[in-house]
């Protein structure tokens with residue numbers, strides 16, 4: 001079937017600017033949303049039809065036939081052919097109806113009179129096959145065709161925006177990477193100051209966002225159309241329309257106010273715990289300072305994850321496209337051949353078209369009828385399972401490597417003299433040589449839980465049309481339980497990998513020891529783990545917010561110095577969202593190193609407390625600064641001053 005975009009590009013300059021659908025009713029087919037293509041012949045015409053007419057009636061009057069021919073395919077020449085043969089070969093449409101051009105397409109001239117939908121003052125029409133149909137079918141087909149048009153236009157405009165702004169997006173991501181690196185370096189030397197500066201800047205950035213939303217909300221007061229509600233406007237592909245509504249800026253302002261209040265309240269209630277978390281972050285900064293290569297290690301993990309994604313995607317495509325394309329008979333009316341396989345080359349000469357004139361031989365899927373293809377969904381699930389297993393293994397390898405490097409810093413009696421020459425490479429080598437089985441086992445447990453969640457989502461999708469409320473309730477409970485189980489296993493695995501890096505024990509032993517160690521220090525876990533996570537989240541929020549605001553002012557031409565440099569875009573939110581998402585991933589990569597360092601030092605600190613008592617015979621390995629804060633000054637500095645060299 002020829003594409004409408006191909007015809008428009010080919011005939012626009014030949015005096016045929018409008019796309020005409022042979023049977024727009026077929027655009028209401030579900031295939032439209034799957035393939036973004038109406039399953040009917042489409043040609044370009046110089047003007048849209050302005051009357052009701054069928055080919056059967058037009059063929060009897062030469063003047064009407066001459067008018068009708070301009071809506072047939074260009075190859076149609078033989079007017080002596082019978083109407084049945086012409087319609088069978090799809091050389092001309094079965095009927096015409098009054099249409100109006102919209103976005104260079106011929107859509108039914110729909111009008112409503114006293115609540116009745118009409119086309120050309122008619123409520124019914126002849127479909128060209130001797131049947132009377134309601135014009136509401138034309139309306140439904142026009143709606144689906146319009147959806148295809150809007151989605152294609154949206155996709156094309158987004159693609160155009162990427163083609164003219166990709167290098168600016170890369171510059172924005174580079175700025176995010178540099179900002180993250182500078183932030184981490186400053187955190188190494190000015191941890192306490194940087195944390196409080198970060199907190200203040202986050203509050204100020206959110207405050208500016210609230211002020212900006214209020215200014216936009218106030219400026220739109222009294223403007224025509226600005227008081228339309230979001231529900232009345234509905235979905236619009238041009239998102240700039242929403243920025244002209246007061247309700248949009250009011251919603252943004254309320255959301256930012258809620259976030260601002262929550263952050264301020266958390267800071268008030270956690271102010272003492274923040275001081276403890278800052279001490280741990282300072283110690284983590286010293287560890288990262290001695291192992292600077294750890295900041296680049298996420299690039300290695302990212303590369304391995306890309307390989308896993310490439311493996312999964314190529315295998316999934318190979319499975320889904322294995323064997324040959326299968327075509328099946330599709331029809332609108334009852335037909336005994338419906339659903340049977342067919343050959344597009346021989347279909348027009350077969351008996352199917354004689355017994356079922358409206359039948360079509362369309363692509364169904366790739367595959368066949370063998371046992372292999374019947375169980376193809378099982379192979380796809382296995383491919384998904386392997387994908388989860390490999391991804392979890394790569395993440396586990398990165399975690400145990402970082403944990404091993406930072407543990408070598410903590411357990412060095414004289415820091416950094418007792419540390420290995422290359423702690424990161426040494427930890428990576430130990431992980432591959434001694435702990436591959438433990439990492440694979442821990443990843444396997446997590447992968448099984450994740451695959452079960454995928455199966456539950458698949459069942460939920462299949463049961464959406466069912467009316468069994470008990471089954472839906474049970475499925476929702478199972479989804480919630482397995483979500484919680486996945487979160488718990490991720491937390492347990494992370495700490496188990498730290499114990500593996502420290503002691504070299506197997507996964508089960510490490511997981512048990514880590515769990516009971518954390519339970520014996522549950523108060524410290526609640527105080528430090530979540531507070532440090534909250535502070536790191538504020539850091540990521542600051543970097544993403546700063547780069548996002550800069551991208552917003554740049555791509556909306558609000559920076560006077562580079563106003564002429566910024567590209568002209570269809571949707572400026574496309575590069576802005578891309579920069580924001582990319583900046584978050586970059587910042588998350590840098591802060592994940594700090595997060596793993598904090599978790600490792602904290603677990604080593606808990607283990608240090610249980611193994612040692614601070615006496616000269618069994619001195620603590622922690623630094624004096626860390627012991628002074630975490631032990632609330634109960635230790636004498638002299639007990640562990642010598643331990644630091």
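Keep in mind that glycine also has a Cβ here, set from the backbone N, Cα and C atoms.
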Exercise. Do you know which of 130-152, 222-244, 291-313 TrEMBL annotates as transmembrane segment?
Worked result: 291-313
Exercise. Which stretch does TrEMBL mark as transmembrane segment, out of 358-385, 386-413?
Worked result: 386-413
For this session: Kindly point out the range from 319-341, 434-456, 457-479 that TrEMBL annotates with transmembrane segment.
Result: 434-456
Seminar exercise, completed: Which range is transmembrane segment per TrEMBL? Of 81-105, 531-555, it is 531-555
Problem set entry | Matching range for TrEMBL feature annotation, transmembrane segment, among 40-63, 496-519, 592-615 | 496-519
Exercise. Most CB pairs under 8 Å with the transmembrane segment (434-456): which of 166-186, 193-211, 291-313, 386-413, 531-555?
Worked result: 386-413
For this session: Go through 193-211, 291-313, 496-519, 571-591 and flag the stretch with the largest number of C-beta pairs under 8 Å relative to the transmembrane segment (249-270).
Result: 193-211
For this session: Report yes or no: does the transmembrane segment (531-555) come within contact of the transmembrane segment (386-413), defined as 3 or more CB pairs under 8 Å with a sequence separation of 6 or more?
Result: no
For this session: Take the transmembrane segment (166-186) and find every residue of the same chain, 6 or more past its ends, with a Cβ under 8 Å from one of its Cβ atoms.
Result: 194, 198, 288, 295, 539, 542-544, 546-547, 550-551, 554-555, 566-567, 575, 578-579, 582-583, 586-587, 589-591, 594
Seminar exercise, completed: Same-chain residues at least 6 beyond the ends of the transmembrane segment (291-313) with a Cβ under 8 Å from one of its Cβ atoms are 181, 184, 383-384, 386-387, 390-391, 394-395, 397-398, 401-402, 405-406, 409, 422-424, 589-590, 592-593, 597
